[in-house]
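Quick notes on the structure that follows.
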Amino acid sequence: MNIHQIDLNRLKEFETPFYYYDLDLLNETLDRAKAAADKRGFHVHYALKANFNDKVLGLIQSKGFGADCVSGNEVQKSIDSGFPAQQITFAGVGKSDKEINLALDHKIFAFNVESIQELLVINELAAKKQVKAQVSLRINPNVDAHTHHYITTGLDENKFGVPNSELEKAASVLRECGNLELLGLHFHVGSQITDINVFKSLCVKVNEWKNWFEERGTTIKVLNVGGGLGVDYHEPDTHPYADFEAYFEVFDKFLERNAQQEVHFELGRALVAQSGTLVSKVLYTKSGVKKNFLILDAGMTELMRPALYQAFHKIEKLGAEPNAEELNYDVVGPICESSDCFGKEVPLPVSERGDLIAIRTAGAYGEVMASKYNLRDEIRFVFSEDL
Ligand code: LLP
């Protein structure tokens, strides 16, 4: 159920702040994504880092998605949530020995390896266990994702992946490592990508590197193109679903591959963002010298994206009368930091203590990035089915 359809008095029964998850919307989003991928024979691993709330994860697992993990704990969480090990990928520039061993023990589908040194370490640890680790080599394709610089990952200046200049060496290391099996290549250029041409550019690079390896006699079975599909933070109700059809179609059209080659994706945000809303209460209103402040009981500790990336989230007053008089507010939280601000000069219906405020499109990188700073409460959540 959309947050605006819920009876305000019912919502007020829950202690704020809390994340509200619209499971109907999540369900429909997952079905659309899965159908668009299945139609083209594509494999989608859900990037757990976007949201690992148990119920959300359970629903995603039940739809047959794989899991994309970036820590040993995420690998374990995926296993515990029922994702088959053979559908789990493990990425990240800094995998510890403990995490690698855990993933080896679970016999996961693939390590997305980010450096030559990491190849050698996985080989050594796999040798000790007398197993073979399946790996995909993460290549830094130097494609500009045209997104916020903090969430751009595929440029030469970023720490991710093996740079082009080292690929020759990586290929020879792979040939020498008896306990590694090269599955294929992995790419990820950034997050919240709304320009579909970025994915087209990525396809061009993937084709180039696939050919490069094949010309050297290496079989490439898996092409993992990462995640990054963006969502509409400005109009969540007009565009509640990302355009999965258009997204997958670009890869279908522009990725060169043979019948044996699999295409894998790691989507996070586009699957979960629109189904989450942070619901908060107005604690105080304050008219400063130059500003009107709306002081909420949620802060950067519950939703860090605005403070960390100056990210935009649509802010709405719940239960507002149509055509109500509006004021421009700086919507801030209670945390002792000036960056604890959800939006500046936000036009909102005149609000008062006790009003409920919705901060939309918070289902991805919201709850999972919550912190205990200022010794805040554990984050709370409410599901549409609880109402
Ligand atoms: N695969 C890899 C290797 C990644 O690094 C990421 C995200 C994904 C997949 C999933 O990307 P998505 O489909 O969600 O765009 N906290 C930031 C986003 C960080 C993304 C990190 N990597 C934010 O709140 O915008």
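Note: Cβ is positioned from N, Cα and C throughout, glycine not excepted.
Automatic, uncurated: that is what TrEMBL annotation is.
Reduced to three states, the DSSP call for C336 (active site, proton donor) is coil. If you look up TrEMBL, you'll see C336 marked as active site, proton donor.
Listed in sequence order, V44, H45, Y46, A47, D68, T89, A91, H188, N224, G226, G227 are the same-chain residues at least 6 apart in sequence whose CB falls under 8 Å from the CB of E266 (pyridoxal 5'-phosphate binding site). Sequence annotations record features per position, and here TrEMBL assigns pyridoxal 5'-phosphate binding site to G228, E266, L267, G268, R269, Y365.
A simple way to gauge crowding: the CB of Y309 (substrate binding site) has 16 other CB atoms within 10 angstroms, across all the protein chains here. Under the heading substrate binding site, TrEMBL lists R269, R305, Y309, E337, Y365.
The domain 'Orn/DAP/Arg decarboxylase 2 C-terminal' annotation in TrEMBL covers 18-363.
The domain 'Orn/DAP/Arg decarboxylase 2 N-terminal' feature in TrEMBL is assigned to 30-273.
The N6-(pyridoxal phosphate)lysine feature in TrEMBL is assigned to K49. According to DSSP, K49 (N6-(pyridoxal phosphate)lysine) sits within a helical segment.
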Report task. Work out how many Å separate Y309 (substrate binding site) and R269 (pyridoxal 5'-phosphate binding site) at their Cα atoms, rounded off. Result -> 15
Query raised in the report: For pyridoxal 5'-phosphate, what surrounds G228, E266, L267, G268, R269, Y365 with a Cβ no more than 8 Å from their Cβ centroid?
Result: A47, K49, A50, S191, G227, L229, A270, L271, A364
Requested in this report: Only counting partners 6 or more residues apart, tell me which same-chain residues put their Cβ under 8 Å from the Cβ of R305 (substrate binding site).
Outcome: A311, H313, A362, Y365, G366, M369
Report summary line: Ranked by how many other Cβ atoms lie within 10 Å of their Cβ, the recorded positions L267, C336 are led by L267
Query raised in the report: R269 (pyridoxal 5'-phosphate binding site) to K49 (N6-(pyridoxal phosphate)lysine): how many Å between their Cα atoms?
Result: 9
